[in-house]
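Noted in TrEMBL for the protein shown:
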- GLY145, GLY147, LYS148, THR149: ATP binding site (BINDING)
- 134-265: domain 'AAA+ ATPase' (DOMAIN)
- 345-414: domain 'Chromosomal replication initiator DnaA C-terminal' (DOMAIN)
- 1-89: region 'Domain I, interacts with DnaA modulators' (REGION)
- 318-437: region 'Domain IV, binds dsDNA' (REGION)
Amino acid sequence: MDAWPRCLERLEAEFPAEDVHTWLKPLQATRRDDTTVLYAPNAFVRDEVRSRYLTRIRELLGHFSGSAEVALEIGSLPRTNMDTLPVIAHAPAAEAFHGNLDSHYTFENFVEGRSNQLGRAAAWQAAQKPGDRAHNPLLLYGSTGLGKTHLMFAAGNQMRRQNPSVRVLYLRSEQFFSAMMRALQDRAMDGFKRQFQQVDALLIDDIQFFAGKERTQEEFFHTFNALFDGRQQIIMTCDRFPREVDGLEPRLKSRLAWGLSVAIDPPDFETRAQIVLSKARERGALIPEDVAFLIAKKMRSNVRDLEGALNTLVARANFTGRSITQEFAQETLRDLLRAQMHSVGIANIQKTVADYYGLQIKDLLSKRRTRSLARPRQVAMALTKELTEHSLPEIGDAFAGRDHTTVLHACRQIKHLMETDGKLREDWDKLIRKLSE
Ligand SMILES: Nc1ncnc2c1ncn2[C@@H]1O[C@H](COP(=O)(O)OP(=O)(O)OP(=O)(O)O)[C@@H](O)[C@H]1O
């Protein structure tokens, strides 16, 4: 797939770096007969690429590959197709370690909040004293799109800033896997292993991918031990706590937890709003606070979607020459917001809350007022108010015909309690996360 990198290079010269970073770099290319298939990670990227860049992409691909046929789809390359980094394929020279870290992601543009404070502090410490036993290995875990890779890059970039000769190698777990497979085929395992001896820090993303791959785990286990013994810093990310990943060997699980493991949780409302404002500043777009609040209120599943909504808004404003007001934001994001809201129905909320607290739905809806039932019931009503567009009377109806004042009381009560009750706050965040997945 030679034409795409060349095409991207051209596009980088023709469009602002920020746009290339946001819209074009996330595309993955492959070939289907005469057609170049471009995979976009989500609908925002696909739509923007289609409306703003596709014509130019067609021209460039026609020029470089002889065929201007392009299919733009949502998806990603099958994992086994992932290219390995050249740094892994050949014995790397020191300069090979430059370029595999995305310099865009730093501590400066990472917004700190309650949900990621510890993770940020740990990544910062690892960057200050790579290899220190207090945070080696460092494992950042949490669900998708919450900034784990951002923090990992930030740590790597910070290490380099402090010491430009430091060798930091970033690999997605799939790349480790494909490089190892290639080395096995080529009978070049010695070279494969040697490469890791040369690094000062290995950053390895999404290690849940190792689940069920015994040979890869074994190899990673040895790599890990060698790095650890050599006091080289290891930073890893995983989509959940490794002990909960089925198909990871117990000895690897226990190794992973040797240093420091930190959860990254979904950001709260204030942090989400700050992230929107910060990303807007980065893009050179001015958006009023009330619009940032609107996006933060509606988009709660993960930061990637939050960013997607902002990007759509900014792109549309640039395109139409309109300024970003609350009304414009409502209008532009309407479909998006509707899709978000529709995906969460009252029945779904009731079931999720009942399961979470180990109750039956009929208990949740019953008239019984024991505390063990009343609190989850209030949580369910408050969540329904928060996540759907239903009115208070409609919510009351859906909770076995309760009065709208009962629903209002539940919402106020939960909001009030969450200010002091950490456990309730945690339950709330977890439930929001489950319902937004
Ligand atoms: N606190 C934050 N401040 C600024 N940007 C953030 C923050 N959290 C997440 N982001 C942004 O959200 C996007 C997704 O983050 P990232 O890729 O790091 O997520 P992830 O947790 O590694 O997800 P995955 O598990 O899917 O790889 C990035 O553009 C990142 O910059």
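Even glycines carry a Cβ here, placed using N, Cα and C.
Whatever TrEMBL says is automated annotation, not expert-curated.
In the domain 'Chromosomal replication initiator DnaA C-terminal' (345-414), helix, strand and coil residues by DSSP number 51 helix, 0 strand, 19 coil. Burial estimate for the binding-site residues (GLY145, GLY147): highest at GLY147, by number of other CB atoms within 10 Å. With a cut-off of 8 Å between CB atoms and residues at least 6 apart in sequence, the same chain places GLY119, LEU140, TYR141, GLY142, ASP205, THR237, ILE264 near LYS148 (ATP binding site), listed in sequence order. Compute the center of the Cβ atoms of GLY145, GLY147, LYS148, THR149, which mark the site for ATP; besides them, the chain residues with Cβ within 8 Å of that center are GLY142, THR144, LEU146, HIS150, LEU151, THR237, ILE264, VAL303, ARG304. Within the same chain, residues at least 6 positions away in sequence whose Cβ sits under 8 Å from that of THR149 (ATP binding site) are TYR105, ASP205, THR237. In the three-state DSSP scheme, THR149 (ATP binding site) falls into the helix class. The domain 'AAA+ ATPase' (134-265) scores a mean pLDDT of 90 in the predicted structure.
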